[in-house]
Each structure stands twice: as structure tokens, then as C-alpha cells.
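K.L.:
Questions regarding the structure given below will be posed in turn.
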Amino acid sequence: LRDNRIELVRASWHELSISVSDVSLSDEGQYTCSLFTMPVKTSKAFLTVLGVPEKPQITGFTSPVMEGERMQLTCKTSGSKPAADIRWFKNDKEVKDVKYLKEEDENRKTFTVSSTLDFLADRSDDGAVVSCRVDHESLNSTPQIAMQVLEIHYTPLVKIISSNSWPEEGQTIILTCESKGKPVPEPVLWTKDGGELPDPERMVVNGRVLSISFLNKTDNGTYRCEAKNPIGRNSTEYVLIVHDVFNTLLPTTVIPSLTTATVTTTVALTASTTTSATATSIRDPNALAGQTGPDHALIGGIVAVVVFVTLCSIILLGRYLARHKGTYLTNEAKGAEDAPDADTAIINAEGSQVNAEEKKEYFI
């Protein structure tokens, strides 16, 4: 061996050692060691030289990329022997669906390997780090990596956030228009029912925030927030409904109204007709206007009148029965006024046993 890169390390009757520096692919082959004895003895060994892959490069990326466009990124490395392995990652997550291509170099000893990543650009890919990693046994478990940061442009994404989920009259509501896009959207535009805001004094716009103070029913409507950038524009809507304040008191006013009506009915049952009539004319001040339902005061008055009429009828019937009994006793005593003695009076009385067969009485 006659090469300046080859150096004799040790030479003795028992051992002969050499070293080769700056190894190249041409150093690959069969090496023979001979011992000049009678006969000559030899020993052979085959040296394999690995081709170290070059640092990979990513091509095919143009910045910026519009959302929805197709992207084709290619990672390529040369000089590997045997052929290197290429893997793709997006934000440290491996991408499996790729194309792999292997070609021999001109020296017929090493290989050029390339891999293509094909996908549609999405707004979620903006700012993502795409990396190409080359693995090879000559790299001693330290892969070579090439990285590319994606820049995706997309139309604004608009969202309205309300500060009050149940706005009432007299209150203040704040509507915030969140818009996200690339490039950054211009200041948003607020409209109501397709036109400008009708009351600029109460409806104040500060950047992306719309504040409406002293709400009333005229503020009901559809509010639109629109954002745009050089890529396009987008908008969203919020329907505002202003509620009455007294609607929130409805559950607490129904029960007192019914309680007052019940007390009025009880008084009517124990009082006279005049008291009942007075009670029926009293109305609960807490009762809601237009509320329909049974008039308990009127029912109490009617019951009082019925009770009064019944009592009067019982009294009249009692007096009639008392008078009828007195008339009956008087008729029994007829014929006894002119009798000279008691025996004669009894005999002459219409109620005696002598006239019993002729007398017939009926009592109804």
C-alpha cells in the first residue's frame, strides 16, 4: 500500500498494524496481510465504507401561502451509502402520507434520497414548524434535521361576545367583536339592520367594542360586525332583544294577589251584605294589569247573599209554624165558652170524642 493517508502503527514478528486517515469510498475493498514464511501465509478482510448523507434541504416553499392552496415540500439529501431514511414531522407529530424516491449517484456507490410532503394549506397550519429528519447508520444516532416555518394567509374569523345574556330596559350592554386573520384585519365595522347605528350618543364604538347604554325597546334588532383584510372579508351577527324590567317580578306578585283575595272572601262569609259589597269593590294594588282569573271577592259576596237569604227563610218559616199552632189550639176550644161547667164544655167541644167521627183534621 503506497498512500500518504496510510501509516504503519506497529510492526513485529507477531503483529503488523496500519491506520487509514480521511477515509473515502475508494478505500472500500479487500485487504490482505501476508506472512513470508515457507510456505507464505495470508489473511484477508473486507472493508466497507459508509457514505455519510449530506445535510438535507427543504424546497418548494414560497411565502406566504394562501389558505386552500396546495403545498408540495420536498426534502432531499445526497451521498448516503446505503440509502438514508427520511421522515417528516409537523409540530413534532410525524406525517405518514409522503412520497419516497431513491436514486443512484454518478459514482454508482452512493444514493440521493428525496421525499415529498403534499397537503392543502389551512389556517391551523399558520406558524407550524415542518421538519425533515434524515436517519442513517453513519450518523451515530444523531439525525440531520431541516426545518421550515409555515406562513399561511387567510380571511378573518369573526365572533361576537355579549356582556349580558338577559339585557333589560335601562341597562348597558357591551358587544365585543373578536376577529382573527392574517394579515391582521382592519378595524371592524358595526351596523344595525343593514344600516348605520341610529343613535351614536348611546351607541359608542371603541375599536372592536360596541357599547349601548340605557337600553330600550327601540334598540331591538340585528347587529352585524364585519372585518376584512387583503385576503377577504367576513362578518357575523348578534340579535339583541331588550326585555321588560317588571317581567322579572312576575313570580313574586302572583302569590300576594291570591292571598289578599282569599282574606277578602273570608270576611264576606261572616259579614253582612253591605260588607260583602264593599269587599268586592276592593282590588289588589299588586295585581298586574290585564291579568285574568276568578274574582274571589265577587264569589264571596254571592255566597254571603245566599247565606243571608237562607237565614231569612228559616226565620219566616219558624214564625209561620208558630202562628199555625196557635190557630189550631183556638179552634179546639170552640164551644167551651158558653158551657156552665167543665164537663159540659168538654162534651160540647169540637175536639171531644162525641164529635170525633165528624171531625177530620189535616196538617201540612
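Yeah, the Cβs are placed from backbone N, Cα and C, and that goes for glycine too.
As the structure is a computational prediction, the values presented were derived from the model and not from experiment.
The domain 'Ig-like' feature in TrEMBL is assigned to 56-148, 156-241. If you look up TrEMBL, you'll see 297-317 marked as transmembrane segment.
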K.L.:
What average pLDDT does the predicted model assign to the domain 'Ig-like' (56-148)?
P.N.:
93
K.L.:
Could you give me the DSSP helix, strand and coil counts for the domain 'Ig-like' (56-148)?
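P.N.:
Going by DSSP assignments, the domain 'Ig-like' (56-148) contains 6 helix, 54 strand, 33 coil.
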K.L.:
What are the DSSP helix/strand/coil residue counts across the domain 'Ig-like' (156-241)?
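P.N.:
So the counts come to 3 helix, 49 strand, 34 coil.
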